[in-house]
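Visitor: Please find one structure pasted underneath; my questions will follow.
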Amino acid sequence: MNPRLLFVLRRLGLTIPVLFVMSVVIFLIIRLVPGDPVRTMLGFRATPQSIAQVRAQLHLDDPLWMQYRDWVAGVLHGDFGQDFVSKAPLSELLAQRIPVTLEITLLSMLLAVAVGVPLGVRAAVGGRWARRLTEGFVVFGISVPDFWLGIMLVLLCAGTMMWLPPSGYVPFLEDPGGNLTYMILPVLTLAVAEAAYIIRTTRGAMLGVIGRPFIVYLRAKGTKERSIVYRHALRNAATPIATVIGIQFGVLLGGAIVVETLFALPGVGRLIVTAINQRNYPVVQAGLLVVATLFILVSLITDLVVGFIDPQVSDRGKS
Amino acid sequence: MTALLDVRGLVVTFPAPGSGLRRKRVHALSGVDLSLRRGHTHGLVGESGSGKSTLARCVLGLQRPDDGSVVFDGTEIVGLRGSALRDIRRRIQPVFQDPLGSLDPRWTVGRSVRESLDAFGVGSPLDRERRVRELLDLVGLSPDHADRHPVQLSGGQRQRVGIAAALASGPDLIVADEPVSALDVSVQAQILNLMARLQRDLGVAFLFVSHDLSVVEHVSNEVSVMYLGKIVETADRADLFAGPVHPYTRALLDAVPVPEPDARLVHVPLSGDIPSPIDPPSGCRFHPRCPRRVDSCSRELPALTPVEALNSTGHTPHRVACPVVLPARP
């Protein structure tokens, strides 16, 4: 069989146990949080009878393994359950929320890569000032927490300068321009740290490649410096860069929870935060499941991309 | 006939390891002259640390000398930058010792060979593709090899790729720095024969750097022997190997193992190691180890002097930097 296809299949097979373990953890972790969803729903004046009735309705008295089995069975059929509070089916809710989170994270990722990779290359091959400036940016980006940076951006761009709306959201399909305007600050907030990590990784990987003998050889052959840097060195440095971008995607998804709350964006992150406060088990489970699955998917794509860049990674399956 | 490559008075020093205001310098080359005719091979031999690789790097424009000049086909290379340097480099191509380290591991070898064709814009893309196949054929590889990565080839095949890549831009000179030292002996012979054939067919000149005398004898027209940053003897191959004059050359040639178990050892082997290039000996660099030294050797630095009487072939004057062994001049 084609070794590359085999690599893809093997890698896909590996995600199944990961998804299983993850679903168990997600299921248990929200139930470990003190507080009772029924009491939260009915308020503290609820009678013991009504509490017992609602608990029975929601199958909260079933043994844990049975609740887990029912949940997984539903998810496998595309039914994520019902919102405890609003009684709405979660599949529709998620269908509205996922695109928002995806838009923020993907735009941040794109911006961070577009800025981070070239700056990282300059930091490796450029002069002293290029190196100092990028190093300063890296330290800033890695040290500053996203919630603080978000607030400062709001204060500056929305408060003082009144360039941009402080918060809010319109769907892209209704008003593309408006949608992107609302996205600027959240995306900027997330992209700064992301870009800092990408710069640091790119610089390190490039320095490792630039020192290798084939670069001297190419220079002696009269290859153009730009071609040496971008076509040879960057290509060889691409594996760690792609890996870090993939791992950072998980960090971005975590950051999306903060940023969605800060900028009042109707994404999965804010959904989870609200649901945790209400002990709204099905919503928390569904939200976490979506975020975790997205991360697993991105790791899968990262591995495939790395396998494509570096034939040796996928060749390992051959022998 | 004018020389293709003319090196005059080349001096290269490096900062010695360590720090401080009065940092010493490593004297890698201390005034080296060398000339190479079109289509010839000039072999450069010496121990490690003798400066032969530094000389190769200067010719490739990878090392800026402190002093001296490198003239290639009438153009001074030292100090060239940017596109002028690239134009020259198109005509001087390198082949390095470690072919695996020289080739981009992510690129197929076909693409590596093709690169200089693309960079210098030779012909149409289709022509270049055809040219790559031709070049691979020329160095004895099959066209299928073009789609492989360097790790998938053997050492000898990689060095063939290295040679094909060097030939791609149609150079006049190939600087080969220890091109066969990393290879098995049987493969060495194949690569050396390949280089000899290419030289005969294409008329490319080679500056051939090696520590291995038998390899240099096999490929060179002229040979220069280096010791501690100086050339001590230079001559036609036949002259040098038949009648070495400088005590160092003689010691080197004597040290070549004779494949004859009963042969008696007639020479006295050199004692000691090559001195440090940070504090090279005064006078003749070789005098501390020289079996024939006289008092003046530690004071006067001998120049390379032509020896008419020793020249049998008539191409290159046989030149030696040792007044002791030279016959008295008329």
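A Cβ is built for glycine as well, from the same backbone N, Cα and C atoms used for every other residue.
Marked as transmembrane segment by TrEMBL: A:12-33, A:104-125, A:137-164, A:180-199, A:241-265, A:285-309. What TrEMBL lists as domain 'ABC transmembrane type-1' is A:98-302.
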Visitor: Hey, which bits of the same chain come close to the transmembrane segment (A:104-125), Cβ under 8 Å, at least six residues off its ends?
Guide: 131, 134-135, 137, 183, 186-188, 190-191, 194-203, 206-207, 210, 229-230, 233-234, 241, 245, 248-249, 252-253, 255-256, 259-260, 265, 267
Visitor: Run the contact check on the transmembrane segment (A:241-265) against the transmembrane segment (A:137-164): 3 or more C-beta pairs under 8 Å, excluding pairs closer than 6 in sequence.
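Guide: Counting Cβ pairs under 8 Å, at least 3, so yes.
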Visitor: Which listed stretch (A:137-164, A:180-199, A:285-309) has the most C-beta pairs under 8 A with the transmembrane segment (A:12-33)?
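Guide: Counting Cβ pairs under 8 Å, the winner is A:285-309.
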Visitor: Please give the sequence-distant neighbours of the transmembrane segment (A:137-164): residues at least 6 beyond its ends with Cβ less than 8 Å from one of its Cβ atoms.
Guide: 119, 181, 184-186, 188-190, 192-197, 199-200, 255, 258-259, 262-263
